[in-house]
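**Q** Following this message is one structure expressed as structure tokens.
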Amino acid sequence: MVERAGWCRKKSPGFVEYGLMVLLLLLLGAIVTLGVFYSIGKQLPLLTSLLHFSWDERTVVKRALRDSSLKSDICTTPSCVIAAARILENMDQSRNPCENFYQYACGGWLRHHVIPETNSRYSVFDILRDELEVILKGVLEDSTSQHRPAVEKAKTLYRSCMNQSVIEKRDSEPLLSVLKMVGGWPVAMDKWNETMGLKWELERQLAVLNSQFNRRVLIDLFIWNDDQNSSRHVIYIDQPTLGMPSREYYFQEDNNHKVRKAYLEFMTSVATMLRKDQNLSKESAMVREEMAEVLELETHLANATVPQEKRHDVTALYHRMDLMELQERFGLKGFNWTLFIQNVLSSVEVELFPDEEVVVYGIPYLENLEDIIDSYSARTMQNYLVWRLVLDRIGSLSQRFKEARVDYRKALYGTTVEEVRWRECVSYVNSNMESAVGSLYIKRAFSKDSKSTVRELIEKIRSVFVDNLDELNWMDEESKKKAQEKAMNIREQIGYPDYILEDNNKHLDEEYSSLTFYEDLYFENGLQNLKNNAQRSLKKLREKVDQNLWIIGAAVVNAFYSPNRNQIVFPAGILQPPFFSKDQPQSLNFGGIGMVIGHEITHGFDDNGRNFDKNGNMLDWWSNFSARHFQQQSQCMIYQYGNFSWELADNQNVNGFSTLGENIADNGGVRQAYKAYLRWLADGGKDQRLPGLNLTYAQLFFINYAQVWCGSYRPEFAVQSIKTDVHSPLKYRVLGSLQNLPGFSEAFHCPRGSPMHPMKRCRIW
């Protein structure tokens, strides 16, 4: 490694020096053994001194680190050699880790990886997803054996998606058929006002889009666990999503103008193409005028919505009321709420109770919606509602419709090329048939032994979280006890649900029993999926909550926490290097999947998760003292991350409010994982070093943690993500969390006042 000014770390010995040390050891025996002890002490000075262990425990940890490294040797297995090569290639050892650890850990990765033309962002996560999709392609295209019905349906759906010649031949025909089903698209037909417009009702239109096409437009009605009683389901009413990814794009700031213009051109082009396909006159001026009205309407809707950073407190969002109160408070110029909701539920043969209650999340939006509805004609409303359905279905049509959105996607994401077809199809099938596809992935690529190993890691990190509560002087004993109870009650799901591999278990086939796919009807297959997903959700209203239900599929590179279930989920897709391998050193496992485990556990105690108790019910279990001080501790982190200015996103600052929950989880996760690793060593765990890397165990832990987040963005997507992503940009996830961790600056000998060892640190958990 190259020495850098201000890098106050002793240079580690190279291979030649190690060879000499071995010879000297044979000759000098005990004398050099003392020297080795001294050398190791110099490499890892006071590694645990600021982790608030007791003095006795601190001594045990340091002794364990010494003994472990003395007894271990360099790992030369294929897995270790691959890990060493990956780490070395990703690093930029010319950079000072105390100045910018992200560049030190990821500089090589950034230098070696160019963002593909199809991607708006490219990262370690994206590469893992790409590799997973290659596996899924193989199993979905494998025709050598017959599978159970659910799996065969997934393969048929995949083949229909790949059947591009038929998709091109059918062109806009399937979409035009759907437009008739939803009452027509006024801008793309003649005489709508005199025909379909005469019997138009907003309530019925919204209900059809919701129940038949899973499009919750204008009003977001959905079924989910009741926040106040997690054992039952309830109807929720909330503000909707919009056609563009963020409400900010609808406003007239200079940097949004290009996106708005491209969006309007996209809308206009699609409507014009559909008119031509029906042999209607082009009517360019009329089409542009009506699509401009649609954009104006959607802009007013965007203005009526509440920014996401102001919606973090679920206790402030939650308002329970019966249908009569809903109607009285939000009449919306005669909008019949009972008719709307009943029409949605009738699709699954569910009847509203006379005293049915709903939970309204979007009160400010509904208060603003009345004036908007009153300002626009039925024609403009229908143009907007159907546009949102058309927008969703563009990807299922022929190539010329995809080409119509090229400029819009370029303005929004910076991409100029569509994803290669097989990847698009693999992703689509996995998203819609996650259990069936997951069963294929598990059989092909997942080691079942990983489940027990990860479960042990969860227990180690959960134990550290509980012990860390004693270090918090901002939290009183009453609240600490409740926090401990909640942490101990967190349930985990690892890898996959067992039933997807059980041939005698009919649940997997029953999950897709209502679906019948055809290889030459990809568009209609997609409509079946939309309807099935919508109705499967709506049916839950009268069903008891299944606490063992998986909220995500197995073939997914991610992890999750559900506050309503107090449950953490680690799909099989993330249980792979660099996150996890039973064949790589434990420093990498703790810095990888260990950090992820700590991250998800901490989500149970972030600015949203803290509002739910050990059973997943929204309940205030905090004392006034602890709640007040939690807010104060949070302000430190909001300020810290809010001061990160991202040059790639036009020098916009990270939104410390909207990213708070993820920042809390990142900070807690890496802190818990590191302490759990030290404790594992102290308890006799024997780790191994990697060949070719003069790095201590602690340094390997932090480098693997950082390299999980290596990645780069296109400028357009950087601008979008800073508006919409609840996560901080990748490099600030690393820098922010490690700046706050004393163990990091100790491991790399960063002087106080250096960028990675700031004078003030933030800590919540």
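Glycine is treated like the rest: Cβ placed from N, Cα and C.
Straight from Swiss-Prot, here's the annotation block:
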type	residues	note
TOPO_DOM	1-19	topological domain 'Cytoplasmic'
TRANSMEM	20-40	transmembrane segment
DOMAIN	74-765	domain 'Peptidase M13'
BINDING	Arg121	peptide binding site
BINDING	His599, His603, Glu662	Zn(2+) binding site
**Q** Please give the average pLDDT for the topological domain 'Cytoplasmic' (1-19) in this predicted model.
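**A** Mean pLDDT for the topological domain 'Cytoplasmic' (1-19): 35.
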**Q** Relative to the Cβ position of His599 (Zn(2+) binding site), how many further Cβ atoms are located within 10 Å?
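**A** Around the Cβ of His599 (Zn(2+) binding site), 25 other Cβ atoms lie within 10 Å.
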**Q** Quick check: with His599, His603, Glu662 left out, which same-chain residues have Cβ atoms within 8 Å of the centroid of the Zn(2+) site Cβ atoms?
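**A** The surrounding set, listed in chain order, is Tyr561, Glu600, Thr602, Asp606, Gly661, Ile664, Ala665, Asp666, Gly668, Gly669.
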**Q** Round to the nearest Å and give the CA-to-CA distance linking Arg121 (peptide binding site) with His603 (Zn(2+) binding site).
**A** 25
**Q** Within the chain of His603 (Zn(2+) binding site), which residues six or more apart in sequence place their C-beta under 8 angstroms from its C-beta?
**A** Tyr561, Pro563, Ile568, Gly609, Gly661, Ala665
**Q** Far apart in sequence but close in space: which same-chain residues, 6 or more away, have a Cβ under 8 Å from Glu662 (Zn(2+) binding site)?
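**A** Expected: Asp606, Val726, His727, Ser728, Arg733.
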**Q** Taking the Cβ of Arg121 (peptide binding site) as the centre, how many other Cβ atoms fall within a 10 Å radius?
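**A** Total other Cβ atoms inside 10 Å, all chains included: 21.
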